[in-house]
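Asker: I have a structure here, written as structure tokens, and I will follow up with some questions on it.
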Amino acid sequence: MLTNRCSFSPRLMYWSEVGSNPQIERSGMDGSERKVVLTRGLSWPVSLSVDTLTDRIYWADEKLQCIGSVSLEGHNVRLLQLTEMPSPFSVMVFNDMVYWSDTKRRTIQVSHKNTGKNRKVLLKRPGQPFGIRIMHPLRQTNVSSPCEKLQCSHICLLAPGLSTGPRAGSTGPKAVCRCAAGLLLAGDGLTCSTLVDTTFLLLLSPTAVTQIYLSTIHNGVGLKRLPEHHIWSLPWVHQASGLDLAVQERNLYLADAAQGSVDLLKLSSSGLTPDSRVLNLQDDTVMALAVDWVTLNLYWSSRKQPDLHVTTTRGQHTAPLLQLGLQGTTSIALHPPTGRLCFTALGQVNVRSLPQVDCAFMDGRSQKLLWRKAVMPTSLLFSNKGTRLYWADIGAGVIDSILLDGSRYKQFKADPGLMSLTLAENVLLWSSLDKDVTRIWFSDGFQPKQLWFEVNTNVVALRVYSKTSQKGTNSCSEQNGGCSQLCLAYPGGRSCRCGRGYQPVDTKTCSPFPSLQCPEGSRACSDGSRCLPLTKFCNHQIDCLDHSDEIKCE
């Protein structure tokens, strides 16, 4: 690996790869803007050297027994016309000459870098020559470094581009701060610190929940086993498929795909204790869920009811929220302090559409499409401030993020086997599946990913929580916003909603629908709001406000 400090191509590093796909690559010295420079005409490129005079990079290929060069952008390949070069190993360019070592002839030689003329043997000794370097003031000229002004707490790296930050100056090369393994970059972009001790990861497998404190990252990475952990079995659960946690109340909401249910469990130091059943859908499966940790309402979507619904904490009242004709809702994210929700879906029924990321107010109003370029989006998450969305595109093996106004899209390459994503402070954690091995990775989105640990366990979901991860209030915080049943927040206010079987008396209060006497050949919707002809039931067209005409259909 080598670096180039010349003004016309600053702060780049170059390296070669050998093996089945030999190539020469480059990136910023911070690892950003990675690019393949050359792939053709290579076999075993073992050494590189940048010629700052001609803006070219030279390489020695040991198997092809040659020295070649190419422009720094990967154009205009040339081979140096030299004979009898059995094993070139290391190459260096300085001014008009190219120098190389030959391990079979045990020599160090030199020739003109363009013509191959004036070839000489500079050194021949019994010892084996390998790497060579040229030391000269012209090769390492004194230049100012933006790292001197940036004041990183640990590591400062030069990067392509011009700095706009006040610490680095308005002009000149750019610098960025990075952290050693096990440390994470704080929001100021300068300071490296450890994770808050209260931050923990919940891993969900079909029959157990595992809790791991993120501070154990500092005890070791690349583990072939679980770090220090607590594991709680779920004997009453047949096939756990999703979870969410209200931290302050220690309420764990757990979906069971086999039973079509969502149970409320109490989390304590001694384990998990069943509290109540929030949902019991029968012949259906909850596909996505998220808890509003202010009201403890549960937002959810199921296989047969793929639109969004909301249910009070112990299942007393349920109301439809968004009726968009969605197909395959895969995840729901809430940000109660701002009253916003977003969701991912595979498309819309009877409409030729792509997978999508949508957002709305938490009362279902102001729905808008945010993104429609994903392959299979899931694991949707808000940033702590609620300004940025993250999701895992498991179809493309990437982690995407975007601001809520649709700007500043970012992409982070994860793994082809990407399965699930979560967010801790400014750290991404995700799982990948390779055959029967689940691996847990982490990164701050700037530094290369690091493997935390791997297990031979099917991890169906992972989520991160801490004592500080659910802070803030909204208009539903006090006395359920004055609502008798469901209080649903929106930016700057709240809406009261009645559950199925109830109708609004005023803007806050609900009362039961009067019992309907439906004529022969018709039935009432489950919420008692109207009678419908029997032909309207199970006809794949929703007619009841509570969707009950399309529930329990064979």
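Cβ from N, Cα, C; glycine included.
The feature repeat 'LDL-receptor class B' is assigned by TrEMBL to 11-54. Here TrEMBL flags 146-193, 475-511 as domain 'EGF-like'. Among the features that TrEMBL reports, disulfide bond is placed at Cys538-Cys553.
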Asker: DSSP-wise, what's the residue breakdown of the repeat 'LDL-receptor class B' (11-54) into helix, strand and coil?
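Answerer: Taking each residue of the repeat 'LDL-receptor class B' (11-54) in turn, the totals are 0 helix, 23 strand, 21 coil.
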Asker: Return the count of C-beta atoms lying within 10 angstroms of the C-beta of Cys553 (disulfide bond), excluding that atom itself.
Answerer: 11
Asker: With a Cβ cut-off under 8 Å, give me the same-chain residues at least six positions beyond the ends of the domain 'EGF-like' (475-511) that come close to it.
Answerer: 292, 294-295, 297, 310, 312, 316-319, 321, 336, 338-340, 361-366, 526-529, 546, 548
Asker: Would you identify the secondary structure of Cys553 (disulfide bond) according to DSSP, in three states?
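Answerer: Once the DSSP labels are grouped into three classes, Cys553 (disulfide bond) ends up as coil.
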Asker: Would you mind checking how many other C-beta atoms are within 10 angstroms of the C-beta on Cys538 (disulfide bond)?
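Answerer: Within a 10 Å radius of the Cβ of Cys538 (disulfide bond) lie 13 other Cβ atoms.
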